[in-house]
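Annotated features in TrEMBL:
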- D117: active site (ACT_SITE)
- D133: active site (ACT_SITE)
- 169-178: compositional bias 'Basic and acidic residues' (COMPBIAS)
- 155-178: region 'Disordered' (REGION)
- 64-82: transmembrane segment (TRANSMEM)
- 91-111: transmembrane segment (TRANSMEM)
- 123-149: transmembrane segment (TRANSMEM)
Amino acid sequence: MLYIALAAAAGLIGLDQLTKILIDSNMQLHQSIPIISFGDTNVLNITYERNPGAAFSILEGKQLFLILFTAVVIVVMLYLMLSKRVKKPKYIWSMSLIVAGGIGNLIDRVIRGEVVDFIDVRIINFAVFNVADICAVLGALGLLLFVVADEIKEQKNKRSAKKSTAAGEIEKSTNEDK
């Protein structure tokens, strides 16, 4: 299952790079093409932008930091998965998405010095993003939700075990009194 998740990540990296190449070679910077509209309202556009920073252009001009940070995250995630320290499929899939997103944008930073963005959701006036961003965000959200859900489940199990132990002690004490 690990290798299927990593193969899917490789496919997503390929899709990310293919879309960026198509945008870069067929559009001019800042050009926008409406894809979905309702009346006069553009909901989804393909808009060619380049981002020299991270999300919302934070850390603009900090390319070396972004490259090193992304590389470390990718290496740690791959190590955890390949060393079998992470075994649950939900974690493996989430981490594979993070790796795909990280590698997709890392390629851009190393080759272009900035990230190509093109998915422009206008209805919510959101930042322009790309396939790698979608992978990284979905992977991070999934990982966060799964960790929190597992922690809640573990805490409930601990409380149930304490109640069972306490109930057993009371029953044992009651039987000894007879």
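Backbone N, Cα and C atoms are what each Cβ position is placed from, and that goes for glycine too.
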Contact set, same chain, for the transmembrane segment (91-111): CB under 8 Å, 6 or more residues outside the stretch:
1-2, 5-6, 8-10, 12-13, 16-17, 20, 63, 66-67, 70-71, 73-74, 77-78, 80-81, 130-140, 142-143, 146
State the count of C-beta atoms found within 10 angstroms of the C-beta of D133 (active site), not counting that atom itself.
21
For D117 (active site) and D133 (active site), what Cα-Cα distance in Å is obtained after rounding to a whole number?
9
Please report the DSSP secondary structure of D117 (active site), reduced to three states.
strand
